[in-house]
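One structure is given here, and the rest of the page talks about it.
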Amino acid sequence: MRTATYFFIFLNLSLAVFEEPAVYPLPFLVTSLVEVLCLLVFFGRLTHFAKVTLRNVFWKDTKNICIMVAILLSLTDLAVYGVLRLYNMRSIRWSRIVRPIFLINFAESRQIRRAFRSIRNTLPEITYVFLLFMFSLLMFSLMALKLFGDRNLQTAEGLPYFRNYLEIVFDLYVLVTTANSPDVMMPAFDFSSWYALFFIAFVIINTYIFMSLFLAVVYNNYKKHLKVMFGGVNCD
């Protein structure tokens, strides 16, 4: 039963590769039949669990309620999507975002739920570090707008350089990952080599300091909640 449950959960999650927009597209009838089969297996697994569990215990378990709601949402979305296709109307399979619910809420996925619970408990405690990082990013973006916005600089593609605040925020956010380095700073550097100091300061503060701090906070809090969950066992 456990192997079958994992197999159909994996099959259900894998449908995203074959549904529109797909990497390897398959006909809608094929993917819909496979999804219906997976949902029937999930419903049968839930019914079997209900037969061996006291009724008041079964209905008090939020995991069972989540699975039933996910099955109903998936079937409803599948039916609506199929009807709209018959009338050549475009729509979106929004129910795909509920598929991980099956992975988390079945009884066999206890370890996944523990990890998910630890992540959920960690999030509130890293909010302050994340907000501080976002404040630094927004302030540096404002400084970049004031430094470069009025100098009529252009990128290598001939586009305006650092004149839109939201685009600056996105570019500097990408710079934190160093994915667009050094391209993002070259128009300013070509105008004056002194502007490199701005980007050096940004990378030192946000990439090396804030990201290291963020990682340390996430790791320490996750380890703390995991240790509490396992009753004080060393989680290093």
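Including glycine, each Cβ sits where the backbone N, Cα and C put it.
Positions annotated as signal peptide by TrEMBL: 1-16.
The domain 'Ion transport' annotation in TrEMBL covers 6-224.
As annotated by TrEMBL, transmembrane segment applies to 26-44 (among others). Proximity of distant same-chain residues to the transmembrane segment (26-44), defined by a Cβ-Cβ separation under 8 Å and at least 6 residues beyond the stretch ends, is recorded for 4-5, 8-9, 11-12, 15, 18-20, 67, 71, 74-75, 78, 82, 85, 102.
Residues of the same chain lying 6 or more positions beyond the ends of the transmembrane segment (65-84) and with a Cβ under 8 Å from any Cβ of it are 28, 32, 35-36, 39, 42-43, 46, 59, 90-91, 93-95, 98-99, 101-102, 105-106. Positions annotated as transmembrane segment by TrEMBL: 65-84 (among others).
Per TrEMBL, the feature transmembrane segment maps to 126-145 (among others). Packing against the transmembrane segment (126-145) from elsewhere in the chain are residues 162-163, 165, 168-169, 172-173, 176, 198, 202, 205-206, 210, 213-214, 217-218, 221: each is 6 or more residues past its ends and has a CB under 8 Å from a CB in it.
Residues 137-138, 140-142, 144-145, 189, 199, 202-203, 206-207, 210-211 of the same chain lie 6+ residues outside the transmembrane segment (165-182) yet bring a C-beta within less than 8 angstroms of a C-beta in it. According to TrEMBL, the feature transmembrane segment maps to 165-182 (among others).
Taken from TrEMBL, the feature transmembrane segment covers 194-219 (among others).
For the signal peptide (1-16), the list of distant contacts is 22, 31, 34-35, 37-39, 41-42, 45, 48, 96, 99-100, 102-103, 106, 108: same-chain residues at least six beyond its ends, Cβ to Cβ under 8 Å.
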